[in-house]
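Undergrad: Dumping what TrEMBL says about this protein:
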{"type": "DOMAIN", "residues": "A:1-549", "note": "domain 'Cytochrome oxidase subunit I profile'"}
{"type": "TRANSMEM", "residues": "A:20-40", "note": "transmembrane segment"}
{"type": "TRANSMEM", "residues": "A:60-82", "note": "transmembrane segment"}
{"type": "TRANSMEM", "residues": "A:94-116", "note": "transmembrane segment"}
{"type": "TRANSMEM", "residues": "A:170-199", "note": "transmembrane segment"}
{"type": "TRANSMEM", "residues": "A:219-241", "note": "transmembrane segment"}
{"type": "TRANSMEM", "residues": "A:253-271", "note": "transmembrane segment"}
{"type": "TRANSMEM", "residues": "A:283-307", "note": "transmembrane segment"}
{"type": "TRANSMEM", "residues": "A:336-355", "note": "transmembrane segment"}
{"type": "TRANSMEM", "residues": "A:375-395", "note": "transmembrane segment"}
{"type": "TRANSMEM", "residues": "A:416-436", "note": "transmembrane segment"}
{"type": "TRANSMEM", "residues": "A:456-480", "note": "transmembrane segment"}
{"type": "TRANSMEM", "residues": "A:513-533", "note": "transmembrane segment"}
Amino acid sequence: MMNGTWKVDARDGKLAMAHIYVAFVALALGGLAGLLQVLVRSGKFELPAGISYYTILTTHGVLLGLVLTTFFIIGFQFAAVSRTAGTLSDRVRFWGWVGFWLMTIGTAITAFYILIGEASVLYTFYAPLQAHAGFYIGLTLVVVGSWISGFAMFAHYAKWKKAHPGQVSPLLTFMSVVNMILWLICSLGVAATVLFQFIPWSLGYVDRINVLVSRTLFWYFGHPLVYFWLLPAYMIWYAIIPKIIGGKMFSDSLARMSFILFLILSIPVGFHHQLVEPGIDPVWKYLQVVLTFMVVIPSLMTAFSMFATFEMYGRSKGATGLFGWLRKLPWGDARFFAPFVGMLFFIPAGAGGLVNASHQLNQVVHNTIWVTGHFHLTLATTVVLTFFGAAYWLIPHLTGRVMTKAMNRLAIIQTIVWSIGMIFMSSAMHFAGLLGAPRRSAFSTYGDAPQALEWIPYQIAQAVGGTILFIGIILVLIIVTNLAFFAPKGETEFPVAEVAEQAERTPLVFENWTLWIGIAVVLILIAYTVPFIDMIQNAPPGSKGFKLW
Amino acid sequence: MHMHKYEKIWLFFGIGSLFVFLAVLGVGAFAQGTQPPSCLTTIDPEKVDQTPPFDKPGLVKTGDNEYQLNIVASAFAYTPNQVEIPKGAKVTINVATKDVIHGFQIVGTNVNMMVEPGYVSSYTQTFDKVGEYVILCNEYCGAGHHLMTSKVKVVEQ
């Protein structure tokens, strides 16, 4: 049934690698920006030559939050659909390259305006701070490029379905399609605000902007964005890790069901980023809080599936006792170790997320550096370590090389370095946030206020952690460069797990896209229609643009 | 679709505790009135200085031990930049901005809200402990964002 090619076609590999190169260049530059930020916030270091902290901060957010993630994800997914649903057609590959170049050119334009200081508006670009129009136009190209790549993947999937009527599609292809549908639906929000509000306003065609509408459209996009980052990590956990450890997938249907639940439940939830803002009735905030928490269900399913896979494998190797199976796992294999550590970090990360999204508790931590600590666990540890773990087999697979034992050992060390750095940095951020330290702020003692002086030691700890993390970035860049250009030639497997024998046949209902997209749209309409109309009907006078940096 | 027995137990307790948690939040919000700041009042952001109560920012006594604290936020300061509040006072804080989005956080309390052009942000807080509390801007607003601060002094009556 699974008759996809075992090796990704070289031409498809080139397309995937192009994305991955950009992703790791973004990691290098964005990581450097991060290092400068933690140093500034320690209070012991000032940026030279009048460089603004906020320019660096914008660079860090755009490069790591938007560029690293989107490029790695699209590159990985092109490789995954090519591996599991067969070599891309020339047309699909052509549009993949169009998408790649649009995203790359867009990134370059946006980066240019950030670096010349015309766009220190952070990656959330809240109006009425007004960047140069080029910043918004560049971002638009990134999004449009990603859409084109998404449609290229849909076309590839449709071709597979046509050639295999009545069959369940390969899991990794199915998951890539879900992730791109999610991305498409949510990025309509940011596209709407950028095209209809920010670009005309920054070009001077209109004078004023409706701030609350722009923020609401942004957060309609902003939360599913984090699931767009997370789902590829889940793809690796569900469909690849079991193969790496030598086991089988626990259940194909449950994996698909959890992806469909993420598709439905991760969009109508943006208000939990807007809990403490005016102009939105708290009833609607609460409704979206409830919807936000529904993603706990697929998250619990994922946790169960992963550990069930691990335990089944361990026991098949003769493990006994309650936790004996843990000892059978391949701890020395970086392809397993890095994502596994990522999974462990997801436990405190998820718990912190529950706090953030709680209707009332949010007020305690909103816009404090606690939140930064939170998403350095989710994105910068769980997701990123999983991506690193995937790069350790994906890059040599695509470049026709093999990872040496020495590089594998370095990758294990990299994971440990990353964990230590993150424990320092993220814990310090969480504690300082509870004391009240704000996020997104340069060093300040607020007039030597005793309350502010209390959290300065934590900022020193952040700098220690951030510096260790930067060493982690250097290590991963060494490994990636080695795998791409210097590792010995050879064959590396693109691991794809098979389903355990006792698992049931997967029903076709998961590919009833009209049904699932329909439910997603209905939930979005329920969650947003009334408050959105309220915002427009009761809108205050709009805002002119400000350039305050 | 078949689910493993252990997975059913796991999900039963997981989802069960999720609903208990959501019920706690809901009861807190709707039965006990602990809602996040969600004021619906609008204001012309260019006429904040002329619009009452922001034409005369500061603390106003509105009743027995009840006060209103009206604050104007702008890049990169709050007006007034210091305020004394008698201990135990129940204070309704109203904040409006003249330019971009700001944050309004009183460190060490639950007062933490976004201040957005066109809207009044409001929250009621009782100050029970004597001391000095930093007010700071926790939403990026420009080059001087980290210098945007003010303070509340809670003093014995």
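Using the three backbone atoms N, Cα and C, a Cβ is placed for every residue, glycine included.
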Undergrad: Could you give the residue numbers and ranges of same-chain residues that sit at least 6 residues beyond the transmembrane segment (A:456-480) on either side and whose C-beta is under 8 angstroms from one of its C-beta atoms?
TA: 24, 27-28, 31-32, 34-35, 37-39, 41-44, 388, 391-392, 395, 407, 410-411, 413-414, 417-418, 420-429, 431-432, 435, 437, 443, 445
Undergrad: Which of A:20-40, A:60-82, A:375-395, A:513-533 shares the most C-beta pairs under 8 angstroms with the transmembrane segment (A:253-271)?
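TA: It is A:513-533, which has the most Cβ pairs under 8 Å.
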Undergrad: Would you report the average pLDDT that the model assigns to the domain 'Cytochrome oxidase subunit I profile' (A:1-549)?
TA: 95
